[in-house]
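Chemist: Below you'll find the structure I mean.
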Amino acid sequence: SRRCPIVAERFCPTPWCWGGRLQTLVRVFIKSSLSITYRNELIRTGDGGQLSLDWVDNSNSAEHPQTSTRPTVLFLPGLTGNSRQTYVLRAVQQATRHGYRCVVMNNRGFGGEELLTPLTFCAADTSDVETVVNHVKKLYPQAPLLGAGVSLGGMLLLNYLARKGQDSKMIAALTLSVCWDSFESSISLEQPINKLLFNRHLTRNLCSAINRHRKILGKVIDVDYVLKARTIREFDERFTSVMFGYKSCADYYRDASPGCKLQKTAVPVLCLNAADDPFSPKHAFPVSLAQRLPNVALLVTAHGGHIGFLEGLFPNGDGYMDRLLGQFVHAAFEHLEDLREACSIKDQVTQ
């Protein structure tokens, strides 16, 4: 924690925004005035599709003037997110402030690009992450790479790290508000108030994305049936599990949940979760597993909601999550040995 002092700090939520649901909701309405200019790149995938990457090259970096060795942060956004999300813009600003290069992987169909093949994305399919990591490492083989994933992006990142083990080509990773167990998350999101506040809205966003690409997706899926989904679980039953060849939604959820795969990861990983996250119930956090693993630190705050972590009276500046990312990324790129040591001798960090 010497290199990342924030982990020892007590997170104090915005006084008028205490509960997890409120933190989650208010964060959505706080718009960022950050103007970040991305350089967009479209890359082809093995199945003939394309991925939209948004780069901030940070060519004027005083700390890392050499392009070939400038450390790079790969950001994986949430379920219906892309590089324009406030939490992504803030994270990119934190990393560029330290002199690093950033690249955001937009989920297929959500980066403004056309779908060239009838295939989207899911938390269990790490092939797009692998494509992007290989692409970035081919461009900059000498530049260290760190992964940062939010919500579904964090699930993808952990599943990728578990699948690749020592061959992940990353030096470290950070996850924010990961859903550790897809079954438990869907149960939590189906509680009446969560259904009303979050589930329907997210499902509508997913359905409108499917509708936007219905011409190509209609070749492999019954689009009208999918559009009648009212919850994420119904959407996953009708679309995601079918699209990715699972026998059932339960099979997909089992495969997507990163909580039981942590022991297969090999690099230092810091995972931030709030105990009052309506998307990720605390009883599903892999606390005892993380305690046993020398490379994983689980940071649990009492409050913060889902990708919320709003603090201060007017929470429109850098929040707890943004500061954590800034410190962790800097510690990983500049003091990796200290970070490895801190992970292995950690006691369970809870606040």
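Glycine is treated like the rest: Cβ placed from N, Cα and C.
This is the feature table in TrEMBL:
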- SER151: active site, charge relay system (ACT_SITE)
- ASP277: active site, charge relay system (ACT_SITE)
- HIS306: active site, charge relay system (ACT_SITE)
- 71-312: domain 'AB hydrolase-1' (DOMAIN)
Chemist: Inside 10 Å of the Cβ of SER151 (active site, charge relay system), count up the other Cβ atoms and send me the figure.
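Modeler: Excluding its own Cβ, SER151 (active site, charge relay system) sees 26 Cβ atoms within 10 Å.
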Chemist: What's the CA to CA span in angstrom from ASP277 (active site, charge relay system) over to SER151 (active site, charge relay system)?
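Modeler: So the alpha carbons of ASP277 (active site, charge relay system) and SER151 (active site, charge relay system) sit roughly 11 Å from each other.
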Chemist: For the domain 'AB hydrolase-1' (71-312), what's the mean pLDDT in this predicted model?
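Modeler: Summing pLDDT over the domain 'AB hydrolase-1' (71-312) and dividing by its length gives 96.
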Chemist: C-alpha of SER151 (active site, charge relay system) to C-alpha of HIS306 (active site, charge relay system): distance in Å?
Modeler: 8
Chemist: When you measure from the Cβ of ASP277 (active site, charge relay system), how many other Cβ atoms are you left with inside 10 Å?
Modeler: 28
Chemist: If you skip the near sequence neighbours and keep only those at least six away, which residues in the chain come within under 8 angstroms of HIS306 (active site, charge relay system), Cβ to Cβ?
Modeler: GLY20, GLN23, THR24, SER151, SER177, PHE198, ALA274, ASP277, PRO278, PHE279, SER280
